[in-house]
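Quick look at what TrEMBL lists:
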- A:Cys347, A:Cys407, A:Cys410: [4Fe-4S] cluster binding site (BINDING)
Amino acid sequence: MEPKTLFDKVWDAHVVEKIDGGPSVLYIDKHLIHEVTSPQAFAGLEARGLKVFRPEKTVATPDHNIPTVNQHLKIEDDLSRNQIETLTANCKKNDITLYGLNHPKNGIVHVVGPELGHTQPGMTMVCGDSHTSTHGAFGAVAFGIGTSEVEMVLATQCILQPKPKKMRITIDGELQKGVTAKDLTLYVIAQLGTGGATGYFVEYAGSAVRNLTMEGRMTVCNMSIEMGARGGMIAPDETTFEYVKGREFAPKGEDWDKAVAKWKELKSDEGAVFDKEYTYKAEDIEPMLTYGTNPGMGTGISGNIPTADEVEASELPTFKKSLEYMGFGLGDKLLGKKVDYVFVGSCTNGRIEDLRMLASLVKGKKKADSVIAWIVPGSKQVEKQAQEEGLVEVLEEAGFELRQPGCSACLAMNDDKIPAGKYSVSTSNRNFEGRQGPGSRTLLASPLTAAAAAVTGVITDPRELF
Amino acid sequence: MPIDKFTVLESTYVPLPIENVDTDQIIPARFLKATSREGFGENLFRDWRFNPDGSANEDFVLNDSKYSGQILVAGKNFGSGSSREHAAWAVHDYGFKVVVSSFFADIFRNNALNNGVLPVVVSPEFLSKVFAAVEADNGQKLVVDLEEQSISLNGEKEEFEINPYKKNCLLNGFDDIDYLLNKKENIEEFEQE
């Protein structure tokens, strides 16, 4: 039999039908929805007089547009409240499980899915959100879709999708102390550029990836879209099984043994062919930081912003426009630049390990007075765990406060907006113009680098603070 | 939602020679609070198009009366970032039927096609000529022929790719849901396996 890639194995097992010269009808095992990209899909369904085809395969949680303070009070903004109430009404009407606001399992959709065991190896998963790639960390084919596609899944549990090409990114070696999964992914994106993996589905491999925890793997797969890839995935192994085992929706007893036996086959066969391959060394990666207005504009923290000579001539006008927005100059050094805000949270870095990293660095130190820090757990469960582990106490002693879960300042749909012109070191995934609020200036980094900025008030190499 | 049929379009065009135009620029997140598909056009490119005080930014191309038309021409990697279909709705609602670039992000491309907006990928050289031509003559037109899969500028023609299924959808105004609903039996059979 011809050797197959991990991606092919999962994709091919879900093809209902392939249209000649066109897309495939792909069956979806798990559909996640939230309040922003689903209302028009439900309205479309209603206009056609249809019911949700397989309501038990869809799970809902509001996250993008919820407040991160006083969640028990009525949401003041009419439009936001309406969006969240619409999600509630749509779920109720269609028998869809909803982890609503204030529900003990509410949280960011890509944090909730894995922590409840909805996310499992070998699944196809979609959500009207590009960071659905997160779930690929479990060896699932998971990708973001538009609202018309959400409607397709609600109506038929299927989606029409052209099969992407395959890319493998191998990172061998050992990450240095102070270098995290976030740095690994920002490094890869800086190498490939923001469109470098467009048209591809990525498999991450190599010893550095294998040695990551599940949460680290989720951070890496989460950011796949930032180099244009539809999704990223990692072959499941003991680390994966250990994480999934015992979670609410994970298979139990005999079913568990059967599932693991099946999941163990989910890896790329020896000799499987990828359309493109890249290989990097973990030792070459230092804490990373972005300086521009797309996630590909990143460098090691000790590095400089490229000079005009180092940028391709055709790209220089866009590059300069980006630096102008950021208030930076060609060739500038990043260390020592002033920081106004620090945001720790999002589907990229809002999990318990991220809060542990933050706490480990700020313990016994104080937040700089000049910095406003927003620490936003990815879910109610993460919030609870942070309290139980004493992390909240450590953070409070250092002058930090925990807000309530949600997407928050990652996309600034709610009131968590960085003011115009202010610099934010953020553990989120996008540094686009205005992403964290009109005129905001975002520098993407790991929780450790964010913590270092929060206690010093300037861009600081976290390795100097251990 | 049935989409508009697309066959041939001859139109003047609006140049946006910026690379990596992401979906947060096309429609910022704070305008995603609506629960319907309509009205996003007024916030298309909101933060480039309007100053912080709400007045029009005269330097932005959509506010420049020299340029108009149903075709938007943008730098490479148009539509990167979020999966928000609101970006495609905004482009459509503003009145664009075609977006031309040398490279599109995947999800935006799918979303555009699902809303009857045709993404046309051209070579970087052709794109440069298109930008130059409209600078020289603001009334310059492009002709996009879907049946023939071609785009022409002053008689210079370039072919573009589109998968036959999607081409057929656009030519006839079909959408994917109609197709999938007809496959319900096959889907149920698949579930049994």
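Positions of Cβ are set from backbone N, Cα and C atoms, glycine also.
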A:Cys407 ([4Fe-4S] cluster binding site), number of other Cβ atoms within 10 Å: 32
Non-site residues, in chain order, whose CB comes within 8 A of the mean position of the CB atoms of A:Cys347, A:Cys407, A:Cys410 at [4Fe-4S] cluster: A:Asp63, A:His64, A:Ile108, A:His110, A:His131, A:Gly345, A:Ser346, A:Thr348, A:Gly350, A:Gly378, A:Gly406, A:Ser408, A:Leu411, A:Ser428, A:Asn429
Three-state secondary structure, A:Cys407 ([4Fe-4S] cluster binding site) (per DSSP): coil
Local backbone state of A:Cys347 ([4Fe-4S] cluster binding site), from DSSP in three classes: helix
Nonlocal residues around A:Cys347 ([4Fe-4S] cluster binding site), in sequence order (Cβ under 8 Å, 6 or more apart): A:Ile108, A:Val109, A:His110, A:Val111, A:His131, A:Thr134, A:Asn222, A:Gly378, A:Cys407, A:Cys410, A:Asn429
